[in-house]
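TrEMBL annotations:
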COILED    B:626-653  coiled coil
DOMAIN    B:111-504  domain 'Cation/H+ exchanger transmembrane'
DOMAIN    B:602-686  domain 'Sodium/hydrogen exchanger regulatory region'
REGION    B:761-811  region 'Disordered'
SIGNAL    B:1-32  signal peptide
TRANSMEM  B:106-123  transmembrane segment
TRANSMEM  B:130-149  transmembrane segment
TRANSMEM  B:161-178  transmembrane segment
TRANSMEM  B:190-211  transmembrane segment
TRANSMEM  B:223-246  transmembrane segment
TRANSMEM  B:258-278  transmembrane segment
TRANSMEM  B:293-319  transmembrane segment
TRANSMEM  B:389-406  transmembrane segment
TRANSMEM  B:412-438  transmembrane segment
TRANSMEM  B:450-469  transmembrane segment
TRANSMEM  B:481-504  transmembrane segment
Amino acid sequence: EGLAKSGSPMVRPSLVRRLMDLITSHLHRRFKQISGDQPTLRKESFDRIPDLEFNPIRSKIVRAFFDKRNLRQAPDGLADEINFEDFLTIMSYFRPVEMNMDEEQLDHFRKEKLKFLFHMYDSDNDGKITLQEYRKVVEELLSRNPHLEKESARSIADGAMMEAASICVGQMEPDQVYEGITFEDFLKMWQGIDIDTKMHVRFLNMEPIAHCH
Amino acid sequence: MQAKGSRAPSLRALPFLFIVAALLGLLPLLHSHGLQPNPMLASEPPHHYPAVISGSEPGDVTAAPHDVSQEIRPLPNRTSPGHVKYRKAFPVLGIDYTHVRIPFEISLWILLACLMKLGFHVIPSVSNIVPESCLLIVVGLLVGGLIKGVGESPPILKSDIFFLFLLPPIILDAGYFLPLRQFTENLGTILIFAVVGTLWNAFFLGGLMYAVCQISGTGLSHIGLLANLLFGSIISAVDPVAVLAVFEEIHINELLHILVFGESLLNDAVTVVLYHLFEEFANFEQVTVTDIILGFLSFFVVSLGGVFVGVIYGVIAAFTSRFTSHIRVIEPLFVFLYSYMAYLSAELFHLSGIMALIASGVVMRPYVEANISHKSHTTIKYFLKMWSSVSETLIFIFLGVSTVAGKHYWNWTFIISTLIFCLIARVLGVLGLTWFINKFRIVKLTPKDQFIIAYGGLRGAIAFSLGYLLDYQHFGMRDMFLTAIITVIFFTVFVQGMTIRPLVDLLAVKKKQETKRSINEEIHTQFLDHLLTGIEDICGHYGHHHWKDKLNRFNKKYVKKCLIAGERSKEPQLIAFYHKMEMKQAIELVESGGLGKIPSAISTVSMQNINPRALPVKRILPALSKDKEEEIRKILRNNLQKTRQRLRSYNRHTLVADPYEEAWNQMLLRRQKARQLEQKINNYLTVPAHKLDSPTMSRARIGSDPQAYEPKSDSGNLPIITIDPASPQSPESVDLVNEELKGTSCLPPSPEEDEEGLVMHMMEPSSPGTDNVFTPGASDSPSNQRMMRCLSDPGPQPEPEEGEPFIPKGK
């Protein structure tokens, strides 16, 4: 469903459907592989993917698939299992930007992606990334280095949080407290990075085939 | 940078003075050109050159400039210029120009280049309109014209000198500091432009020129197809030197910069292959299919071989740098030498030297940077910049001189059509290739981008040198080729170089953004990388991220262990980045901090603001290696010391009998500011607490130990704090005291030693990696004992003693 939004006016609808089918069938095959021919996926199913083991933020990624906020089902909570439609919904967050999008669509597109990321950082669903959560993120990023002390990750996270505070709030008095990074602050931090062009998986791009037509 | 009004006239005159001075310096040079140096034939009679040398003895002078020869007084016992050897008096002053001739001339040219560069920056108005490369060519033309006017033949830019000495520094500078992330992201695009684009240019141009030559009446019909193709391949390559020179000044966005620049670097392989191919076969006028296939094959050999050679040398250099921790001084030299050897080795086998150089720079950089000291890194950076800058200047000047010097053959048809077809070929090539490339790119290239890419295809000295290499026997029309090449170079550099800046502004092309890398961005970027890798793994799609991740893992597991010394081989990228940031911030802070003024750029956010419940704990920095720690401390100390030295002068002679009060207040003020400064430093950079257990250091870390100001009577390592206002000692004597204490590991408890100012001693082991050579300043004692002068609180209860109400002495 997320993939159906492309709608370039020059491409015939039948072609769009054909392209969708192509990609969808590939994903469907993959879904079957991971789930072991079951109709739904569970957290344990992801253990079947060997390469994922090396990923330091593996648990966060897997969790993101079951996060109800990403699945657009509820404001918080975790689903126990997801079906193919939900799988596709998550995949749609990684669509590449398409040329025929206007400003508003682009903005919405960008916000969607950043929201996905935000949910990954904000594990307790309270709408802001606290220092503890940020520390956990950095710890996970450095988790493949067993010889490092925990304090290292902590001090990096502290430094980053202070920097975030100074970007979002500016100068602070000693008695002011910065609760955490809200979504607006998060948007501010990501301003320098082109999220629309970075956060995508290439093969979900239908355009080269569309243009060849 | 406005010159002050009253000084403007003299400043404007300055460049002219430089030019005149430089040209005057050339005069002896010019005259020596006409003389035959005879260093061995001391008794050679001077009648070979009677017009120039008159009245000089045959005995001592071999080649003397005209004006100087007059000064040599003929000896009294000399009868006639002849073949007879006679005993002469010991020459008090002699001239032997040929002995130093070559280095002298080289230095003079380099000096001229540097003075010109200096001159251009003194007149900002001209350099805003005209890019430096154009000005330098004009200067070259002037100098060449001057030399010719005097009657000598100006030197031409020989290909050997160009390829062996002038080109490598520029390419190494470019390769070592190549922004790797953008380069690899756009590698496909760059390769297509470089390979396919250059091939297209060469064949299109060569073919059309052949057609033009066939037109009767132009007198060009003797130039065959292959000669034309050779000409096309020489002139079609975009030149990295010219591109760098022009693009450096216009600050366009990184994508365009890397596209054009990357293209200019990678097309070297194509140029080398085409050049050799056509040069070999231009005489035979027949190219068989085998030759074409071999040529195709040779392209892969040349490019991949060049890269391979570069990688080998890069790995060797990285491995060598692992062991240089004891001789830091020669670290930069390894980098330069290995890279140069890579270039020469590739040129030895007719492989692409430029690609070898780039590959070696790219491969060695991450490992070398992890191994070498901060100072070596700075040295490498500045030496590379210096050499490449001088090289570039020399190249452009020599281009100008060579234009005047060379033999020219002007044929209107040939040259004008070359120019036109060059431009057309470039535009068509870029348009066509972009249409194809945009199908595969996520970030498409807009028409504006395409225009800049097409317009930025400048030709330069490489084309000239390649043309110069052609020999006369096989290529009789070499002069015409050279003239055409020079015309195209002039056109692209002058016209395109000058107009690209207003065009960039006119078209509102995105400029380079000065973003400061922040730790947040780094965390997010890494997080995103891992996320995308994970998603690709889940999708089963082995894309860009998957392979990058695999390469990183391989790198971490095997390569880093071999090539990086010690602990740093295990350091994850995030930590390395964090260290770099902290070092930078510490340096910035101290350098701008000066007398305790807190720069406004540093925000006042501290730990209290984000974590109010937690106690202000001593933050422990992620395990800094000893070397790094030592370096950071040394940098801080150097800068703090400079501060204190300045402050010391306040204490010295001003403290006479009465105004203790004022000095005390001043001291309090300084102390407070220093404390704030230290606090700021502590927020950003804490040296691990467990290393600094000595009470002296805990006193130094003001603010972390609220009760630090009582002199502890039980410890023997107390600082001696004395102020002796009326001491007849000079400040230098303090250094003597420091030097004496050098060898001792603990403080001598000698209260009778009169020391200037407030002194604190710091105990710490010396680190083996310190390079003493670079340590500045006389007061910086280069061995174990480091003296850190902090204005710390002398204590809440000053013990008044006779005559000195104010000197609390530690026991």
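Note: Cβ is positioned from N, Cα and C throughout, glycine not excepted.
Note: TrEMBL annotation is automatic and uncurated.
The average pLDDT computed for the domain 'Sodium/hydrogen exchanger regulatory region' (B:602-686) is 59. Residues 19, 23, 26, 30, 112-113, 116-117, 120, 242, 245-246, 249, 392-393, 396-405, 490, 493-494, 497-498, 501 of the same chain sit 6 or more residues outside the transmembrane segment (B:130-149) yet have a Cβ under 8 Å from a Cβ within it. Within the chain carrying the transmembrane segment (B:161-178), a Cβ under 8 angstroms from the stretch's Cβ atoms is held by residues 240-241, 244, 261, 265, 335-336, 339-340, 343-344, 347, 353-354, 357-362, 365, 380-381, 384-385, 387-388, 390-392, 394-395, 398, 461-462, 465, all 6 or more beyond its ends.
Of the Cβ pairs linking the transmembrane segment (B:412-438) with the transmembrane segment (B:389-406) and spaced 6 or more residues apart, fewer than 3 are under 8 Å, so the two regions do not touch. Where the transmembrane segment (B:450-469) meets the stretches B:106-123, B:258-278, B:293-319, the count of C-beta pairs under 8 angstroms peaks at B:258-278. Listed as Cβ neighbours of the transmembrane segment (B:389-406) (distance under 8 Å, sequence separation of 6 or more from its ends, same chain) are residues 109-110, 112-114, 116-117, 132-133, 136-145, 147-148, 153-157, 162, 165-167, 169-170, 241, 244-245, 460-461, 464, 479, 482, 486, 489-490.
Sequence-distant neighbours of the transmembrane segment (B:258-278) (same chain, 6+ residues past either end, Cβ-Cβ under 8 Å): 171, 174-175, 179, 182-183, 186-187, 189-191, 193-195, 197-199, 202, 226-227, 229-230, 233-234, 236-240, 243-244, 247, 291, 295, 298-299, 302-303, 306, 350-355, 358, 449, 452-453, 456-457, 462, 466.
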